[in-house]
Amino acid sequence: MNSESVLEEIVLELYRNKLFKIGEYRLTSGKISPYYIDLRILPSYYDIYSKIIDISLSKLEKLNFDIVVGIESAGIIHASFIACKTHKPVGYVRKKPKQHGTKRLVEGIVADRNVLVVDDVATTGGSLEHAVNAVRSMGGIVEKAFVFVDREEGARERLKRLGVELISLMNIWFIINVLVKHRLIDEQTYYLIKNYLNREKHS
């Protein structure tokens, strides 16, 4: 089975297990979206998660990085799995510095290291930009960031302006096209999501 076939099966499993949902959902950015990708509970589905991690590793195997850094909170567990599988150390970036103890924003030794920043889903790229800036402020080198899903709402362009390449396992168009192919969403839903994405792309 080639990688695209594996990804197609992953999309179908995400849909069957209600990790991809249709409806009105408020995102972290405050925007209302006609769909939601809930990858926070993904590790609870071992069969799906192991497939995603394995195919992610094949996508990352040629990259040069010294440490994997996840973004609080969803990105931490994914970064941990990737780090373990690639025999690399792991760290994470907090949303806000600790209010006690060391008061660190970045946990892990990143200075003078090539850092791979990891999160579950990229939307506008705000959380990724925060992580990149935090790691760089500690002397880390960030040239690549990785997510499972790119919602195609500006994150890639935002990171490019920072000199960071966003690598994604799949994007929302791939997911939607798979669901249409298998008749899991109707034409009205397809155009609702398409119009939303086109609007956000140019906002």
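Glycine too: its Cβ is placed from the backbone N, Cα and C atoms.
The annotation 5-phospho-alpha-D-ribose 1-diphosphate binding site is assigned in Swiss-Prot to Arg94, Lys95, Lys98, His100, Asp119, Asp120, Val121, Ala122, Thr123, Thr124, Gly125, Gly126, Ser127. If you look up Swiss-Prot, you'll see Thr123, Arg151 marked as orotate binding site.
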Would you mind listing, in sequence order, the residues at least six apart from Ser127 (5-phospho-alpha-D-ribose 1-diphosphate binding site) in the same chain with a Cβ closer than 8 Å to its Cβ? Thr28, Ile71, Lys95, Asp119
Students should find that the Cα atoms of Gly125 (5-phospho-alpha-D-ribose 1-diphosphate binding site) and Arg151 (orotate binding site) sit apart, in Å rounded to an integer, by 10
For Arg151 (orotate binding site), just count the other CB atoms lying within 10 A of its CB, please. 23
So for Asp119 (5-phospho-alpha-D-ribose 1-diphosphate binding site), how many other CB atoms are inside 10 Å of its CB? 28
Give the helix, strand or coil assignment DSSP yields for Asp119 (5-phospho-alpha-D-ribose 1-diphosphate binding site). strand
Go through Arg94, Gly125, our binding-site residues, and report the one whose Cβ sees the most other Cβ atoms within 10 Å. Gly125
Give the sequence-ordered list of residues that share a chain with Val121 (5-phospho-alpha-D-ribose 1-diphosphate binding site), lie 6 or more positions from it, and have CB atoms under 8 Å from its CB. Ile37, Leu39, Ala74, Val147, Phe148, Val149, Asp150, Arg151
Can you give me the same-chain residues 6 or more apart in sequence from Thr123 (5-phospho-alpha-D-ribose 1-diphosphate binding site) with a CB-CB distance under 8 Å? Leu27, Thr28, Ser29, Lys31, Arg151, Glu153, Gly154, Ala155
